[in-house]
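What TrEMBL says about this one:
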- 150-159: compositional bias 'Low complexity' (COMPBIAS)
- 165-177: compositional bias 'Polar residues' (COMPBIAS)
- 150-181: region 'Disordered' (REGION)
- 12-35: transmembrane segment (TRANSMEM)
- 61-80: transmembrane segment (TRANSMEM)
- 92-112: transmembrane segment (TRANSMEM)
- 118-140: transmembrane segment (TRANSMEM)
- 199-217: transmembrane segment (TRANSMEM)
- 266-286: transmembrane segment (TRANSMEM)
- 292-312: transmembrane segment (TRANSMEM)
- 319-338: transmembrane segment (TRANSMEM)
- 344-365: transmembrane segment (TRANSMEM)
- 393-410: transmembrane segment (TRANSMEM)
- 416-435: transmembrane segment (TRANSMEM)
- 447-468: transmembrane segment (TRANSMEM)
Amino acid sequence: MTANTATERRRVTTLLAAAAIGVYLLIVVGATTALTEATQACSTWPLCGTDLSDPRVLIAWGHRLAALVVGVVVLAALVTTWRSSTSRRAKAVLLVPFVLYPVQIGLGALAATTSADWLSTLHLLSGMAIFVGLVLALAWTLELGTDDTAPVTDPDPLTAEPTDTGETPSLQPSSRPSGPLARAKRIGAAYFRLMKPRLMWLLCLVAAAGMALAAGPSLDAGIVVRVLGGGVLAIGASGTFNHVLERKKDRKMQRTNDRPIATDQVGVTNALAFGVLLAAASLALFLSVNLLAAALGLCAILFYSVIYTLVLKPNTVQNTVLGGAAGALPALIGWVGVTGTIGVPGLALAGVIFLWTPAHFYNLALAYKDDYARGGFPMLPVVRGERVTRRHIVWYLAATLLGASVLAAVTSLGWLYAGATVAFGALFLWTVVRLHRERSEQAAFRAFHASNAYLGALLFAIVIDAILL
Ligand code: HEM
Ligand SMILES: CC(C)=CCC/C(C)=C/CC/C(C)=C/COP(=O)(O)OP(=O)(O)O
């Protein structure tokens, strides 16, 4: 690839990413109730109410002006891409935004003047189609000229300096402090590590968001404590079973070969007893909330420990996609903990987590590709290569963003949620664009952390928005 081509592709992908995020902003704002209410106060087109002290009029004006500015960015992206040397399919798919953007303006005008629900739905769907067209063109342009080998500057993950992997290297026996207290501390730390504590904050936020969506400002503190307590214990139990079942493979992988069972710091029988104890305590807490929450808690533990760990992870390249169901269940548990039944917003939140999981984990799968190959796991980069994996990260990230807009449409979440998904979604997308450009381990970790920041911010915004705003 010549320097000119590289510069041209940078320009094209930057513009396509900006256009996609601009369209996403319009989709999310359109999906929130704020705009639905604004439409009622602003029902003429193209101009409406002059009373700018009415926030609803301001929102309607903001949406129309944003549509104009984003339209210019989309047009610039289309023209620049068509004039570039990108692939035919990337150019062809841009016909979708080219045709639909003017249609979308017409639909918006009709939706504003008639307030028909089906028109608003069609407007939202057409916005999503424009977004998908831009993202496809972005992904197909990003992968041009990228082969499956990491650049020479990229250190081998197995020989590189230790990175922030969430693992604490164990001390060598000779350097370990002795004495009963130090020994008790070491054993306590080993059992604590079995519980996979680093996953807990985000999974607890997932359950908290489920509860906040269901209860709004009247969220009961007793339910919160019991659901989160049950959740922490359930994650601890399934994490422990996962350590037991993977101990042999863990020994083969550099990232995991210092784990407590792999290094015999904790025996298998003791670990199993610990896991059963945690699971029983977790189910007891969930049962004190309601039976359905306990049933879902049991499903989550069994799904992660048995279905994911034993069946999916070692046998199918779709392990991450299907495994996302384990992480999605806490959203439903939170919702069910409050309502006692399964409901659409809880399912929509679970859907967001499910779609986010591959966009989250494939970054680590890239960074640890050789390690996973050594362990014998058919992770996507091992089986289908790095280029396909990077492409799938873009797909799942786009699907997550669309899922988040569906969540906005089926709930009454407002501006804080909309701002969080757009701002952190843009940040996440930018790190993924850089991952394609740099193709290094550092870039993969950056995108991994951005995935956690995106979901953390989104969930935090849901909790605040649903409870306080
Ligand atoms: C198939 C599903 C998933 C896989 C394979 C996966 C895999 C991983 C791996 C290998 C790590 C590295 C840290 C470690 O070794 O402990 C990690 C970290 C993490 N994951 Fe996931 N994950 C999945 C789903 C989820 C879900 C659903 C959540 C929460 C909603 C989540 C949240 C986190 C967090 C918070 C970290 C720690 C980040 C840090 O502080 O370093 N993961 N994940
Ligand atoms: C309420 C409840 C029980 C929820 C369970 C949800 C849960 C623990 C999701 C974790 C997702 C996951 C598979 C993480 C680690 O992957 P991995 O085990 O493949 O990572 P590893 O390679 O580090 O072992």
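Each residue, glycine too, has its Cβ placed from N, Cα and C.
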Check the transmembrane segment (12-35) against each of 92-112, 118-140, 292-312, 393-410, 447-468 and return whichever range has the most CB pairs under 8 Å. 118-140
Checking distant contacts: for the transmembrane segment (416-435), what same-chain residues at least six beyond its ends satisfy Cβ-Cβ under 8 A? 13-14, 17, 20-21, 24-25, 28-29, 32, 34, 138, 142, 359, 363, 366, 390, 393-394, 397, 400-401, 404-405, 408, 443-444, 446-447, 449-451, 453-454, 457-458, 460-462, 464-465, 469
Quick one: find which recorded stretch in 61-80, 118-140, 344-365, 447-468 has the most Cβ pairs under 8 Å with the transmembrane segment (199-217). 447-468
Spatial neighbours of the transmembrane segment (447-468) not adjacent in sequence (6+ beyond its ends, CB under 8 Å) are 201-202, 205-206, 208-209, 212-213, 215-217, 219, 349, 352-353, 356, 359-360, 363-364, 367, 393, 400, 404, 411, 413-414, 416-417, 419-421, 423-425, 427-428, 430-432, 434-435
Surrounding residues of the transmembrane segment (344-365) on its own chain - C-beta under 8 Å, 6+ positions past either end: 206, 209-210, 213-214, 320-321, 323-325, 327-332, 334-336, 372, 379-382, 389-390, 392-393, 396-397, 399-400, 403-404, 406-407, 410-411, 428, 432, 435, 444-445, 447-448, 451-452, 454-455, 458, 462
